[in-house]
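Working notes, structure below.
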Amino acid sequence: MNTELLEKLKKIQLECAKKVIARDDFEKVETIGGMDLTFEKINENPTRAWASLVVVELKTLKPVYQHVVKDIVDFPYIPTFLAFREMPLLLKLYETAKVKPDVYFIDGQGIAHPRGCGIASHFGVETGEVTVGVAKSKLFGYAKEPAPQRGSYTYLKYKGKIIGAVVRTKDNTAPVYVSVGHRISLKTAIDLVLKTSKYRVPEPTRLAHNLLQVVRRKELRR
């Protein structure tokens, strides 16, 4: 990947960051959709990939809809440029889904990104949907470890600015990294993540991940 192209992609991310709405910009939340992707060979390019959406009811956490798409991904894995690898497939998933949840949880970063526009923010700005970034590891910033009890959290910061939260979703279990994607406040994002978490990973993205593992195994046996 040449330097000139990377600079163009950085500019796209910086422009995206300017469009992020980091406040609650919706009326209600009754359903939440989890989105996830998996690759046949993550370090190869091009490679086959699958993306899934599982929609759950907020009150019951029971799944009410699921959808999977597959395609060839033809953009290399480059740290901090994940959106350019995954967005085409996520958009295909979004556009072909028959159910649109009130909020999308995306396995990745929102504004907790060096240029303020990770995959969750990129997807939100592109589609206009309400999105939250829920990642299993930290990409950017610094934070203290939250207390070991479920519901504890600390703020993820960079240069004194809050860019996300480190949230303990289960007692004595590794935290998740929550950040604003688009059209939501960090406070509400944290609240929704905790409301939807039975285990470490919130149910919408956990179920989306589990669905992908089943689909991927079946596909690779063919």
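Any Cβ shown, glycine's included, is placed from N, Cα and C.
Here is what Swiss-Prot says about this protein:
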{"type": "BINDING", "residues": "D36, D107", "note": "Mg(2+) binding site"}
{"type": "SITE", "residues": "Y77", "note": "site 'Interaction with target DNA'"}
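Comparing D36 (Mg(2+) binding site) with Y77 (site 'Interaction with target DNA'), their Cα atoms are 16 Å apart once rounded.
Of the listed recorded positions, namely Y77, D107, the sparsest CB environment within 10 A is found at Y77. The Cβ neighbour count for D36 (Mg(2+) binding site), using a 10 Å radius over every protein chain in view, is 27. Spacing of D107 (Mg(2+) binding site) relative to Y77 (site 'Interaction with target DNA') is 16 Å (Cα to Cα, whole number).
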